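Some features that TrEMBL has for this protein:
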type: ACT_SITE; residues: SER109; note: active site, nucleophile
type: ACT_SITE; residues: ASP266; note: active site
type: ACT_SITE; residues: HIS294; note: active site, proton donor
type: DOMAIN; residues: 35-295; note: domain 'AB hydrolase-1'
Amino acid sequence: MYPPIKPYESGFFQGANSEKHQLYYEVSGNKQGDPVVFLHGGPGGGTDPKDREFFNPEKYKIVLFDQRGAGKSTPSAELENNTTWDLVKDIEVLRQKLGVTKWHVFGGSWGSTLSLVYAQTHPDRVKSLVLRGIFTLRQSELRFFYQDGTSHLFPEQWEEYLAPIPEAERHDMMKAYHSRLNSPDANIRLAAAKAWAKWEMATSRLIVSADAVAQAEKGDFANAFARIENHYFVNEGFMRDGQLLEKQELDKIRHIPTIVVQGRYDVVCSATTAWALKRAWPEITLHIIPDAGHSSREPGIEKKLVEAADIMASKGL
C-alpha cells in the first residue's frame with residue numbers, strides 16, 4: 001500500500017434526481033493525475049481513508065465517495081430513492097462535477113457489482129476496471145452467504161446470526177431480517193443491524209479479525225450497512241438475475257482492460273462467481289489469491305490490488 005495521504009478537496013454533492021441525498025466525496029493525489037474512482041462495498045459500507053492507499057498518489061487523481069445513506073453521506077441509512085440505478089447516476093454526476101471525461105474504476109465486493117453495472121451503462125467513460133471479490137448479486141450467491149453455504153464453515157458465528165430470528169422464519173433469513181431492520185422499534189432495528197453486520201465482519205477474512213467484528217458493534221455503521229445491504233438484496237439488486245453475466249451486457253465492456261483479484265477462500269463472494277465471469281469474459285486477467293478470504297485488507301489481496309492499479313496507470317490509457 002502507498003503511504004497515507006490527505007484529500008486536497010472534499011465536500012458534498014446532491015444525488016441525481018434527489019434533493020434528499022447529499023453524498024460525501026473527496027479527491028486526493030495528483031491534481032493533474034489519471035483519474036480513478038473508488039467504489040466501496042456493502043452496499044452501505046462507506047469509504048475509509050486507507051482506501052486512498054491502493055493508488056500511486058503521484059500518478060492518480062484519486063476520487064472516493066460514500067454512496068447513498070453510507071459513510072458520511074446523509075441522511076444515514078436512508079432507503080428511499082436508493083437503488084443500483086440511482087448510484088450509477090450519482091457516479092455520472094460526480095464525474096461531471098469534477099470535469100472528468102474518462103476514468104479508471106476500482107471496486108470490490110458490492111463495489112465490483114456497481115463497477116460492472118456502471119461500465120455496462122457508460123462504457124465510453126471507463127478506461128479500465130480493477131475488481132475484487134466478484135459479486136453479481138445472483139440469487140445463488142445470496143443463498144450461499146445468507147441461507148446455506150458459509151454457515152457450514154462458520155457454525156458458531158452462524159448461530160449468532162440465527163439468534164434474533166424465530167425458528168419458524170429461518171427458511172428465509174433475508175426476509176426475516178428485512179422485517180426487523182425496518183421495524184418501527186429502534187431497539188429491534190439496531191439489534192438486527194448489529195447481528196447482520198457481525199455475520200459479514202466475522203466471515204470476511206481467512207483468519208477472523210477481532211477489529212472487523214468490533215466494527216459491527218458501532219451503531220451508526222451497523223445500521224447503515226445492514227439496512228442498505230438488506231434493502232438491495234431483497235430487491236435482487238434492482239436487476240435481472242444474472243444480468244451482469246449476460247453476453248449482451250458483457251459485449252458492451254469486453255474491450256475494457258480488466259484485472260480481477262479474488263481470494264480462494266472468500267466465503268462472502270465465493271470464487272465460483274469470479275470463475276463464471278472469467279468463463280463468460282475470457283479477456284479479463286484473473287488472479288486467485290491462494291491464502292486469502294474476502295477482505296481487501298488481506299495481505300495477498302492488498303498487494304495484488306496495488307499492483308493492478310499500478311499496471312493500469314502505466315498503460316497510458
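If you go along the chain as it appears here, the first residue is 1 and each next one adds 1.
Every residue, even glycine, has its Cβ placed from backbone N, Cα and C.
Feature map: TrEMBL annotations on the structure.
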| residue | record | CB count, 10 Å |
| --- | --- | --- |
| SER109 | active site, nucleophile | 26 |
| ASP266 | active site | 30 |
| HIS294 | active site, proton donor | 27 |
| message | Within the domain 'AB hydrolase-1' (35-295), what mean pLDDT does the predicted structure show? | response | 97
| Pairwise Cα distance for the residue listed as 'active site, proton donor'/the residue listed as 'active site, nucleophile' [Å, integer] | 8
| Could you state the CA-to-CA distance between the residue listed as 'active site, nucleophile' and ASP266 (active site) to the nearest Å? | 10
